Amino acid sequence: MYYKFSGFTQRLTGSVSSTAYSPQGLRSSIPSEASTLIFATPTKVISESGASLEYMGANRVPDLQKIFQSSDGIPVHLKRGVPDRLLYRTTMALTVGGALYCLVALYIAAQPKNK
Amino acid sequence: MAHQAHAYHMVDPSPWPLTGAVAALLMTSGLAIWFHFHSTTLMSLGLVLLLLTMYQWWRDIVREGTFQGHHTPPVQKGLRYGMILFITSEVFFFLGFFWAFYHSSLAPTPELGGCWPPTGITTLDPFEVPLLNTAVLLASGVTGTWSHHSLMEGERKQAIQSLTLTILLGFYFTALQAMEYYEAPFTIADGVYGSTFFVATGFHGLHVIIGSTFLAVCLLRQIQYHFTSEHHFGFEAAAWYWHFVDVVWLFLYVSIYWWGS
């Protein structure tokens with residue numbers, strides 16, 4: 001019996017030998033020997049990598065991850081600061097104002113036309 | 001942030017379910033007010049609130065998944081099941097319209113002239129624009145798959161270009177359908193032929209517009225480096241949805257445009 005890792009169930013499932021020997025994501029052309037281990041190399045952040053990768057702008061995801069992973073207790077919908085608060089307050093004002101306006105409009109609509 | 005010993009996503013309290021519910025209330029009440037008093041104020045207010053809710057809710061999901069790392073493998077599994085169930089429900093939504101079409105066309109009543117297409121209806125030629133539309137949608141499926149494989153291989157430039165092509169083909173389809181509607185020799189008021197035709201193809205067109213928007217959001221996210229070659233479920237969900245829309249079109253084309261004419 002041969003096994004492979006199922007991407008759907010996230011578990012090991014049975015498979016045929018050919019799949020087990022060349023699993024998905026691995027290319028048979030890549031040599032199987034591990035490269036020489038190099039210790040204590042300074043880690044390179046993705047956004048600092050070469051300009052050849054920067055097609056249509058630089059990668060700002062690592063910076064944004066830093067902002068959104070800071071533990072300040074602020075919920076995710078307000079975490080970006082002023083623009084978030086502005087948008088949130090506008091939406092909430094429309095929600096409360098709209099609900100009241102709706103109740104008034106429905107009350108007026110419920111009044112008989114001819115008394 | 002307190003230490004978490006499991007891989008599940010504990011969501012922050014969110015205002016969006018409330019604002020979305022009020023948006024639905026304003027839009028439905030607004031529709032009734034519009035019918036009775038010829039004023040679209042309340043309905044437009046509801047629409048603006050709905051759009052604001054959609055933008056901010058989905059923006060937060062991107063933040064949670066891409067920037068906070070909450071979409072771990074078990075969470076992604078839940079998202080997959082969610083998308084599969086959603087598309088299944090959409091399949092049944094369209095099944096209803098196909099049921100109506102076949103109910104009316106397989107045994108046409110005497111009022112229709114006992115034939116299909118009904119007496120007096122001039123149908124569209126299935127081998128003109130509808131066939132082109134079929135080719136356009138199939139081609140967009142190919143470019144979408146090209147984009148997906150480019151993404152998995154880390155070919156950023158190709159992924160962006162092929163996804164752009166997919167979206168452009170989607171818009172081309174919508175433009176052709178709009179033209180076809182404008183030129184159609186029958187209307188939605190022309191009996192059961194017109195109603196089944198325009199309701200089924202109209203809802204399909206709406207789904208094409210939604211799918212194109214979904215793909216466009218994926219393009220913007222791809223340009224901003226949100227997707228990695230291993231983790232890009234937003235893109236996969238959009239691709240699933242796009243293929244679903246494609247398959248519905250094939251059924252519409254074969255049933256309504258071709259067999260039905």
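Cβ coordinates come from backbone N, Cα and C, glycine included.
All annotation found in TrEMBL is predicted automatically rather than curated by experts.
Here TrEMBL flags B:4-261 as domain 'Heme-copper oxidase subunit III family profile'.
Outside the transmembrane segment (B:16-35) by six or more residues, the chain places 41-47, 49-50, 52-54, 56-57, 60 with a CB less than 8 A from a CB of the stretch. TrEMBL lists B:16-35 (among others) with the feature transmembrane segment.
The feature transmembrane segment is assigned by TrEMBL to B:41-58 (among others).
TrEMBL lists B:79-102 (among others) with the feature transmembrane segment. Counting only same-chain residues 6+ beyond the ends of the transmembrane segment (B:79-102), those with a CB under 8 A from a CB of the stretch are 71, 196, 199-200, 203-204, 207, 233, 237, 240-241, 244, 248, 251, 255-256, 260.
For B:159-177 (among others), the entry in TrEMBL reads transmembrane segment.
Residues annotated as transmembrane segment in TrEMBL: B:197-220 (among others).
Per TrEMBL, transmembrane segment is recorded for B:240-260 (among others).
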- line: Near the transmembrane segment (B:41-58) in space but 6 or more residues beyond its ends, with Cβ under 8 Å, are 14, 16, 19-20, 22-31, 33-34, 217
